[in-house]
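Worksheet for the structure shown next.
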């Protein structure tokens, strides 16, 4: 008698029965003389010898070697592969026939005759071992062979990068950046007529009255169609501008025009975003105007193009007319600046030529104007090289008291005249004329994503009114530059960055060289872009799809190419081919690392041709050229900044990013051109996936010899259920046959078809989710695939459609497990509490396997028609999970809820026989929840316990039940209290001020049950982020709820530095103070407010440090500053 449902006892009885059957077979086949010792050899001892290694097999060891080989074949707990022997008796002896499992290299072999059955068995085993070695199943040491990587992969070993961690996030590598070839040109120094390709740039603002001048882009080469016809939305703080690009044909510039346009571009881009002067007193180099002599050093041949304004009054649809009047005015200003700085110093005295008549004239640097004509005039300051817009004429003059409101905020001068004299060695000629109030230009912003309308833009726009400066008119050169022309310059960094990125994507497309017209540069750009770029798109979705496409392509190729290899060998080869380390090597071979975009676009570091960088990043990398040809990597070095490039284009990239980009490119080509395009890019990466028609026919012919075991009506019934009629019935039979059926004479099983079907369902479901949920982010898309492509889901599909009734097997234990699982699903209508208490019941893997094997069988029978397979399986898999009904794994759901709300989960797992017990405890503010769960492994046990805890949280109203509507869940989630889960954000090295004595507010007091036996030693770094990290780690160690922070704006005067003195005024005109609240379980609720700080993170540090010292005062902590 055994206990019903006791898995351990079932396994024990099954093992006893198998042992009994094996001993009975051995005893019945034993010869009478075999039971007596043989003292003299009666026959010659045969052996098989390997001269290369010296290994040998004799007749005595042959049976053992053959058993070892079979033991390495695929198996499960329902079937153990082993050889079967049949004996034929002749008058002069015995002949033995061995039958190997279906996954072996061959199945049947007849041995030599021998005088007895034992000898005949040894001889056939020796012959079997010989043949296995000849077929490669045994190595030269006569041991079962380890599957070698495919030839196309092993051939890459010579170019593999040395070192550990290939294809992982731990390994950071230094790589260069691929140049955009279309941007290069050598025409900058031409003294003859230059012919350039023109592309008109139009801008339309969504605000009425906001006009933007059209421009023309002149470049040496023709650019890709997507870039040449680009339409893009540029997101400014309070408006949006639609930019469009259109070809306008070639334009010719003579030498004089070329010189004028270069001066126009160099002056404006440098005065707005770069610098017109080099050298300073601090660097002990003379100050020099960069355009006063040869400017060749400003123009890089690898980045050559012109951006020129268009005269809209003369413009037509077919051609563009450059606005030469604006260009000439700017070029003239350059000439005037050259004359001022001709001797290296600013010399205004001899250059001023004013109109003497008219007392209301304002004397500028090179002309005089009426005061009423100055408003909104664009001017250039001769001493700073910066551009301003005149706002109004002030009541002050140069002799007025200096208030620091110039372009440099200095407060140590008495008058404005003194400031310019001592700061710039400029002696004003008209100190009594009124100063002009100017609005300075601002830094360019990243306008490519609506996500970039951040607080920084808000702060800068709020403070622009406070940044007005006073300037003497005689230091200003009027540019007569229309405002609609000036506005466009702030759009150029973002627009040109996107154009350059599209050109780079088109360049990569040309290298791959597969029907360029069919593949969009936008999709390739998406495949090159990581999440770090903070764009509205990234490679993540394409990477997920490409992973499935790669898996399918490699699986189908291996299945067709190696008909004699079993599932284990095929899986090993597939894993070796598609692993990240292999993809990394293949990507490096094709140099795709140079194309990857792995950092957010910083428009302040963007450079136009002819511009000097205001924010240089000198190269300090350990390489001598722009191209990185050697292996430079770091493992687990947290000091490395990923993605940020130096001025030579060197940047650190995670090794895994290169692997991900390979998969994303495969996904991109599959989206744009289907499997043919995907196979083309796989071939470019030197991954062999093409399948010849002959291989398909050979696979079909091998299935035609399958024994027809089930009745005809059974097969027809299953075909009717599937809605598909097999041309080759043997494929369906193979798909339904478990390996244990070999005990009944079957010479095949479903394992190879399961290997193929696994990849088939993966690509079909992933493709469906990818196309059906285009607005779903990559994280949720991954969750959808995980919920759809798993053995448990497929097992439920098998039971739902009664596919398990067609399974061919010979295992009573397997039948019992299937019956138990089916009964558990049928009883799923019981109340939820009963289901939770019973723990998770997972289906036998066999049930999911037959769903996959049937998919593989249909694929082969239909000659690799994936669309047909999907038409068959979509009804079977329905309803397919959607974002609305997606259910996360229970432990993950609990973990995410805890992280979001600032709680910690305690986990303890214990093995209890064949099962695992998991104990989870969740400390809330005033309550400790403890639940335990059981399962076959840790995952199941934690899932069971998590389900019970989630039920407790639902009953307390802390989370919305799973059966609640989507709207209710979103409303609940949006109301979650913000906590300090961002303590590990980017830190800097500024010190945190020591805490001042603060009044502590105790909101509620309960029993002091949380008093520690001894104070917890807490080490605190005073650098930015240190107090938050220390408090966070202490709460986690004690399982206290995370503290929460609330921000208030305070006057900047209350900001204090590390020494307690007043800090410099916060740049935004106000400071932040944080109020921290900490709930101590079964204790106090402590709330206190820190000092004012210029940024929110620093204010959190101040409050966190005060909390640490308050806990020390209460003798809970012992704080040690380090």
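Every residue gets a Cβ built from N, Cα and C, even glycine.
The annotation domain 'Dicer dsRNA-binding fold' is assigned in TrEMBL to 62-152. Across the domain 'Dicer dsRNA-binding fold' (62-152), mean pLDDT in this model comes to 89.
Sequence annotations record features per position, and here TrEMBL assigns region 'Disordered' to 140-170.
What TrEMBL lists as compositional bias 'Low complexity' is 153-162.
Per TrEMBL, domain 'PAZ' is recorded for 360-480.
Per TrEMBL, domain 'RNase III' is recorded for 505-674 (among others).
Positions annotated as domain 'RNase III' by TrEMBL: 715-863 (among others).
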Range from 62-152, 360-480, 715-863 with the greatest count of C-beta pairs under 8 A to the domain 'RNase III' (505-674):
715-863
For the domain 'Dicer dsRNA-binding fold' (62-152), the DSSP residue counts stand at 30 helix, 25 strand, 36 coil
Provide the three-state DSSP residue tally for the domain 'PAZ' (360-480): helix first, then strand, then coil.
30 helix, 36 strand, 55 coil
Taking helix as H, G and I and strand as E and B in DSSP, count the residues of the domain 'RNase III' (715-863) in helix, strand and coil.
108 helix, 2 strand, 39 coil
